[in-house]
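Visitor: Pasting the feature list from TrEMBL:
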- 119-155: domain 'SWIM-type' (DOMAIN)
Amino acid sequence: MSASPEDYTATLCQKDRERYEEKMRLCGLDPFALRAGDYVSDVDLWPRVDSSDIHKFLVLRTSFITREQLKSRKALEGHNFVTSGWVREPWVKKVAADTVIVVTQVNHSQSINKPPVDVWFMGKSDGEVLAAHCTCMAGNGEACSHLAALLFYVEYGVRAREERSCTDGPNSWLPPLVKKLHARPVAAMDLASSAMKKRRLDGYVNAGTDLQQQAQTRVTAIVMYRR
């Protein structure tokens, strides 16, 4: 996590702090208090999140988005975070035989100099989302675009995991990640629409393509203007 758990909870108002304490009791721990050594990078432990689980949490439980918006997911900011490579590879902490906590960081799409936000959700192995949190302002509630991005990311990863070949490299088929932005001329930028990016991602998952390798050829760029 970017800041210590004590520093983070101190920034919350009483209502948000009490709600976060409820989430910690449900988890049996504070996911933000865990360190790198407490988590593992094992996609086989990812809960089997699918569209019905995302619908249940984001639409029915939290009312963060509508059913119609989810059906047009390519227009959602959370989905664009995934297709644009803003979501970092998640880590997993097993807290029960059939329950895990999935954590990640999501980069800011409009301000690359800001530290990424920290996101986690606790889910059953069958994909049911039990609790979630994000350090962004909206994340003090139950859901936000960063959490939606993590759920979409895991959904795509699970689909690819189920279809992968035994000869695939470890984690090679995960959704792309943009680690660093470089200034490029407009002609060198990938200006594809969100719909096109979604079709690419679906195609890579269905074809079992190495998504990390594909990401290297489609790194999002920033145009630097001089006045």
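Using N, Cα and C of the backbone, Cβ positions are placed for all residues, glycine too.
A quick note: this is a predicted structure, and the numbers were derived from the prediction, not measured.
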Visitor: Grab the pLDDT values for the domain 'SWIM-type' (119-155) and give me their mean, rounded.
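Guide: A mean pLDDT of 94 is what the predicted model shows over the domain 'SWIM-type' (119-155).
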Visitor: For the domain 'SWIM-type' (119-155), DSSP counts of helix, strand and coil?
Guide: 14 helix, 12 strand, 11 coil
